[in-house]
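Engineer: A single structure is presented below for examination.
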2 protein chains.
Amino acid sequence: MQSYAKKVSMSVVKRLPKYYRYLNDLSERGFEKISSKELADLMGLTASQIRQDLNSFGAYGQQGYGYKVEDLKNAIVKILGIDRPYNCVIIGAGNLGRAISHYEGFKNQGIRIKAMFDIDSQKVGKSRDGIPILHMDQLEEFLAGNNISIAILCVPRTIGQGTANRICKAGVKAIMNFVPLDLDVPEGVMVENVNITDSLFTLTYLLNE
Amino acid sequence: MQSYAKKVSMSVVKRLPKYYRYLNDLSERGFEKISSKELADLMGLTASQIRQDLNSFGAYGQQGYGYKVEDLKNAIVKILGIDRPYNCVIIGAGNLGRAISHYEGFKNQGIRIKAMFDIDSQKVGKSRDGIPILHMDQLEEFLAGNNISIAILCVPRTIGQGTANRICKAGVKAIMNFVPLDLDVPEGVMVENVNITDSLFTLTYLLNE
DNA sequence: TAGATTGTTAATCGATTAACAATC
DNA sequence: TAGATTGTTAATCGATTAACAATC
């Protein structure tokens, strides 16, 4: 739990994972220092913006020198909260749910998929890559008993909102929503939408410009 | 091909698919008219913003009355360019590629998945839901010969940029990128990123606020 | 010390909201 | 006509960029 004086804007927050990606990469490639100018060129931002962004959280650089890659990376890791693990569940063991359950990007990042849920008796009781598939009836019990902090929602559109209601009622505070639907959730519950159709239609728009 | 006098801002463009979703839903539910105020309440925007957004493209309402749902829906459909079909390919027939190949959100929307590509000899030559899985060696030939306008990229990170290069060289002008990597593409090629890891880390940030 | 680059304040730019005349 | 709601201009708010003093 961290708390910052200034309210950090969503624009900045949305850029944080990108900072993390680039700094992680620089660190892996053995870079020791980087200036805001160099990082800006790399990321397609301006040096000014990078300094403003970072200073929403604190002063991580050294005047006349720049930023130590490793230190800045670690700072971002802490800011993002990925210095600790998160217990997650995937709801809906269809193709998408299964794809996410072994998504390469999560590896070694503290995202722990504890279970998947479905109603299909063909799937329930089985296991995929060591992740058990449980029946939807067991959802509330599992969420309560396993310290689950993130629910990844991959159910059909028709039961999207209903399932979200169950998740929220069970006290889960974060939903990654793959259902092409804007969820209505109580105050304090975070929803991050990944809407593949919306993204595709943005693309068709841009194609016709 | 449409062309507008004023340059429409990305903020507006990103909201268009959402307008489409809501208007489609209203239309299906038999609503005939809607005011900017009513739509705003529904979508969590302001009436003013909706009127500004729509007026980037033209005047679709009637003073004193509001907007005819069907007409406005059709206008948005045209603006998004989804009044015509798009030939697409999915590159990478892993779990994610396969999930997207029968994603429910695309049904009846003119998104035609013409082929999937992979290097795995276990997969190549087979078919999934009528979509053939071809070898990566055939990519350029297929893109050129089948009027493909959108490539959906679901390959491993390591070959993401290389594959994007091949796509661009073949003349494809739109890439939906699921690879957790910022692609470097020539001027005029549209990239829409769906970065699941970035979204998840945004969520972990918000959880720790 | 001189040069470089940060942290931060001020200026600009763009997006959202408010207001209201036009008009259905 | 009177009431309602648009289209559009003006005002505000927020985010990005520029500038520069602080300082390593």
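Along the chain as shown, residues are numbered 1 onward.
Cβ from N, Cα, C; glycine included.
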Engineer: Labelled DNA-binding region by TrEMBL, one stretch among A:18-57, A:98-137. Can you tell me which?
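Structural biologist: It is A:18-57 that TrEMBL describes as DNA-binding region.
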Engineer: Which residue among the binding-site residues A:Gly94, A:Gly97 has the fewest other Cβ atoms within 10 Å of its Cβ, if you could check?
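Structural biologist: Checked A:Gly94, A:Gly97; of these binding-site residues, fewest Cβ neighbours within 10 Å: A:Gly94.
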Engineer: Out of these binding-site residues, A:Gly92, A:Ala93, A:Asn95, A:Leu96, which one has the fewest other C-beta atoms within 10 Å of its own C-beta?
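Structural biologist: Across A:Gly92, A:Ala93, A:Asn95, A:Leu96, these binding-site residues, the one with fewest Cβ atoms within 10 Å is A:Asn95.
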Engineer: Check each of A:Ala93, A:Asn95, A:Leu96 (the binding-site residues) against chain B and write down, in sequence order, those whose C-beta lies under 8 A from a C-beta there; write 'none' if there are none.
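Structural biologist: The answer, in sequence order, is A:Asn95, A:Leu96.
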